[in-house]
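S.K.: One structure is given below, represented as structure tokens, and several questions about it will come after.
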Amino acid sequence: MKKIIMTGGGTAGHVTPNLALVPELKKLGYEIKYIGSIEGIERKIIEKEGIEYFPISSGKLRRYFDLKNFSDPFKVLKGVFQAKKIIKREKPDIVFSKGGFVTVPVVIAAHLNKIPVIAHESDITPGLANKLATPYCTRVCVTFPESVKHIKGDKAVLTGTPIRRELLEGNKLEGIKLCGFKDNKPILLIIGGSLGSKIINEIVRKNLDNILSKFNIIHICGKSNLDENLENRKGYAQFEYVNEELPDLMKASDLVISRAGANVIYELLALKKPNLLIPLSKKSSRGDQILNAASFEKSGYSLVLKEEELEDKNLMKKLNYLYENRNVYINNMSKSKMDNGVKNITELIKKYTK
């Protein structure tokens, strides 16, 4: 039996793509172990899946001045020795790294143990952890065609991003039942990210009458963002957060408004959902969502509305255009070869564990 050690953490976005690979890797006969941080979000998620978890020390990597920048390198160094010991004991055939600060010591340790490493980068430009880890990687899987030039050493492989299988197995009727919709209006799903989006919530509710004249609305608005005054509004179903229900709600929707994080837009691509992307502005991000959205717009998969241009008339104009041209977007997405990241990545893993 082949053995793989996976690593990635710091945020859910560095863990869920790993989970998407797990069922296929198990089917292929791989024994799976996981190295993560001591107190990171990844520990709870991974242990819930019944995967053996090895915690190591790791310092956070920062691009800005902080007093912890003087102590954290020693935590990373400690993590390298801990990971090296784990890898030497477990003897994996390969290491798969999804990024996040905890992966740097693991990748270095694998390199020191002469174990091949495949990393994955979700965004167009690599994050700091993957930048530091790339010299020690055998290959780096990238999500966007534009990413290839940003990976040094001719190591980039265009694979797309892995999508959880259960997300593709939703039930449309269950989604409609959950929302209580009784008519046949097209359904608009609005996703503001795991924490919701204040600006998107406000513009949607401000234009609720106009939008409801044409669509039923599923609004995932984020924690503490429910509006009690809209609880019984016909055609409007609001949720703070969804988990198991998401596949059914996705399946039920005809159009989607979303932020432009790499994971969610590739989920929309896999599901062939016409979408309007409203990327985070540079005021509140490093600009990666703007680049992600531009790439999908260029490929004909998405329509984009800049946050700075998020006004009443622009929103309705874009929604109407998207719905009228929905089949064009569906056809474009159907031609993509980047909607099967799980297969593309597991094939690469197989190649380096023969």
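Every residue gets a Cβ built from N, Cα and C, even glycine.
Straight out of Swiss-Prot:
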BINDING   THR11, ALA12, GLY13, ARG164, SER194, GLN289  UDP-N-acetyl-alpha-D-glucosamine binding site
S.K.: Once the DSSP letters are reduced so that anything not helix or strand counts as coil, what is GLY13 (UDP-N-acetyl-alpha-D-glucosamine binding site)?
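M.R.: Looking at the DSSP assignment, GLY13 (UDP-N-acetyl-alpha-D-glucosamine binding site) belongs to a helix.
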S.K.: Among the binding-site residues THR11, GLN289, whose Cβ has the fewest other Cβ atoms within 10 Å?
M.R.: THR11
S.K.: If one looks at the chain holding ARG164 (UDP-N-acetyl-alpha-D-glucosamine binding site), which residues at least 6 apart in sequence have a CB under 8 angstroms from its CB?
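M.R.: Listed in sequence order: THR16, LEU19, ALA20.
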